[in-house]
Amino acid sequence: MPAKKSIPLHYQIVLGIILGAALGLVAGKIDGGPAFIVDWVKPIGTIFIRLLKLLAVPLVFVSLTKGISDLKDFSTLSRMSFRTIGLYMLTTVFAVLLGLFLVNFFQPGSFVSEETVTALGASITETTNAKVGAGAAGAAAGPLDFFVNMVPDNLFAALSANGRMLQVIFFTILFSVCVLLVPEKSRTPIKELVDALNVVMLKMVDLIILLSPYAVVALMAALFAETTDVGIIKALLSYALVMLFGMAIMLTIYPSLARVFGGVPLMTFVRGILPAQLVAFSTSSSMATLPVTMDCLEENLGVKNEVVSFVCPVGATINMDATSLMQAIATVFVCQVLGHDLAWNDQLVIVLTATLASIGAAGTPSAGIVMLVIVLESVGFPSEKLPLALTMILAVDRPLDMVRTVVNITGDCCVAVLVGRRL
């Protein structure tokens, strides 16, 4: 009797998304349904996200140490570093330029009524004001604070927080380079230990990924059950549609780049990273998706471990293509709605500021909001209108953030393929 074929994981996740959405919509119509979902269903998804984040730091440390210590010389590491950072910068600049073109072409701000602005102004909360304060603090940071914050003053503090991933990467590179410099007698047991730990970490990733279809049901059910203000979402639909169109273009460009410059067929690339994209969509976290992203690149696309272990953690921290796209669109959008005129030189400032802010805000909480405040202030947007501007963007940000995460990790995968091809 032939063995029963199992359903591929990505199909299971898609089914989980559909079932979760249906469950959330039904629960939202039942008295007490949303509370039940939040209390009894959502925690399953939260546990899944915590498990993925649990693996992020040890996986990066072990995998990156193995990758660098397996390199034959330092020139390979330097080439990989320059190409990775260079490609991430190029895609970020392109995302900002694309966002500016789309928002100026479609003029989404002209579709928002004064009634919507008034309603949003009445809904400003203390949370929004706190985010404005966090953004202002980020904007006030010194020009070299990014490099200062990259160097940890306490290794264990860095290892205990996913938000300090750049510090983990810095220490890991320093440690791995020193492994290459010590005598063979001292190097061998370290490499053997790291190789064994890497196998164990990958097995843990495989086991946790098996839970993803069930976790996706819980996460999507919670999202739809908790979404109540549909009217505001409809009122800001013009902004959301321009954002989605821009991200769709980005999702088309990445596979094309992988095909032309990386030699990976379009459908091979799409199928290979689909599980990571679906997990990214469900969790809205590049860092939580990192173990799945690395697994997809190595197992499905055959990218070398030393490339994946370097490119992906760096990308999960500083590569914010979709967020940079959002900065450009959101900045011009709120200026259109609130009557703040932008000259052509202001739009050039947006390109420069959004690109630099995407790197400078890396690893900070609410990085997207910090970036948006920085960009708005750079074009002279009135500070007293910042709470209203952020309220407008945050009103529809939750579903858009899910798609942004998909775009960001797809960009990471594309860069990993390109860097791996050229080494």
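Just so it is clear, glycine is given a Cβ too, placed from its N, Cα and C backbone atoms.
According to TrEMBL, the protein has these features:
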type     : residues : note
TRANSMEM : 44-64    : transmembrane segment
TRANSMEM : 85-106   : transmembrane segment
TRANSMEM : 165-183  : transmembrane segment
TRANSMEM : 204-225  : transmembrane segment
TRANSMEM : 231-253  : transmembrane segment
TRANSMEM : 348-376  : transmembrane segment
Short question: which residues 6 or more past the ends of the transmembrane segment (204-225) have a Cβ under 8 Å from it? 9, 12-13, 15-17, 19-21, 23-25, 27-28, 33-34, 37-38, 41-49, 51-52, 55, 59, 275, 278-279, 282-283, 291-292, 294-295, 398-399
Determine which residues of the chain contact the transmembrane segment (44-64) at the Cβ level, with the cut-off under 8 Å and only residues 6 or more beyond its ends counted. 159, 162, 165, 168-169, 172-173, 176, 194, 197-198, 201, 204-205, 208, 211-212, 214-219, 222, 279, 282-283, 285, 287-292, 294, 305, 308-310, 313
Apart from its near flanks, which chain residues at least 6 from the ends of the transmembrane segment (231-253) lie with a Cβ under 8 angstroms of it? 94-95, 98-99, 102-103, 106, 108-113, 116, 119-120, 123, 321-322, 325-326, 329-330, 333, 392-393, 395-396, 399-400, 403-404, 406-407, 410-411
